[in-house]
Amino acid sequence: MSSQEIPEENLPDEQAAAHGAVEPAHDDPFADPGLPAHKPRIQDIDERAAKRSERTVATMFLLSMLATVGFIASYVIFPVDKIVFIFPFGHVSALNFSLGLTLGLALFLIGAGAVHWARTLMSDVEVADDRHAIEATPEVKAKVLSDFADGARESALGRRKLIRNTMFGALALVPLSGVMLLRDLGPLPEKKLRKTLWAEGKQLVNMNTMEPLRPEDVVVGSLTFAMPEGLEEHDEDFQTQIAKAALMIIRIEPDDIKDKREREWAHEGIVAFSKICTHVGCPISLYEQQTHHVLCPCHQSTFDLSDGARVIFGPAGHALPQLRIGVNSEGNLQALGDFEEPVGPAFWERG
Ligand code: FES
């Protein structure tokens, strides 16, 4: 069918205008928005085709109704235990099969009818929704400014200086409440991370026997763990303190000690190093007698205890701190001060 045969009320505006029915709009600044030329559907131009589509849609809705009736009837017709053979599903429950089939059909036909209706009979005219201007008009701007000025005048903010100033003061101080809450994060650590319980004169206590350590208790080839005297397991901060103060004690032939400071800080070849790995703080426990290497089990950092506990392998960034030790008048091993470097993970530069 050519456009000559199309009723004018069914033609798009441009074509209708060409026939003299409608004046095309000329005030649109975007005369061609880029849409393809509108093509009328057969149902738009042929009433018989439109009727056919209407009947098709109505048929689908009618069939859906029948399927729903079939769904209800299935409950009455089929006993629960009735089994039937249906190709290609095999043996299935007649009731379940019919319920599923009828309900599926009822829903599908409603959807298919709606889609066919929308595609063939509902309006398919492309609609362009023009964006309105974003900037407010001068009148609106003037109205906003005048409303603001009215509000300011009515609130007397300019005149009541006392209220204005105290209000600003109150608003400025309120956030301080939030700052005060930061106090709940606990006290500042200050120097606590750099200090341990070790101090001059503190005796070394064997962590297994809880007895003061004597030089004769430490034999070549053995590894002993020690902590400061006075620290008890039931102390409230026991874990915090032991995590910083735990020691590894070994004895090395003095001539085998390569590091000069280590030799000077030892007592007759007995050396005391922090047990806390300088990588991320695991307790070190594996000792290799022949080489005097200790190994951290967490990430395999290895330290040479005969050479200032320097790192010979692994991710640790610093040597293990050494504690200077001696013997007191009772013949027990004692500290001659605190560690000179922070123990544990090297989160800070050594000071
Ligand atoms: S904690 Fe010791 S190597 Fe990682």
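Glycine too: its Cβ is placed from the backbone N, Cα and C atoms.
Where the annotation comes from TrEMBL, it is an automatic prediction and has not been curated.
TrEMBL has this to say about the protein:
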- 1-37: region 'Disordered' (REGION)
- 1-12: compositional bias 'Acidic residues' (COMPBIAS)
- 57-77: transmembrane segment (TRANSMEM)
- 97-118: transmembrane segment (TRANSMEM)
- 162-182: transmembrane segment (TRANSMEM)
- 270-334: domain 'Rieske' (DOMAIN)
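Within the chain carrying the transmembrane segment (162-182), a Cβ under 8 angstroms from the stretch's Cβ atoms is held by residues 156, all 6 or more beyond its ends. Note: the domain 'Rieske' (270-334) comprises 0 helix, 27 strand, 38 coil (DSSP; helix = H, G, I, strand = E, B).
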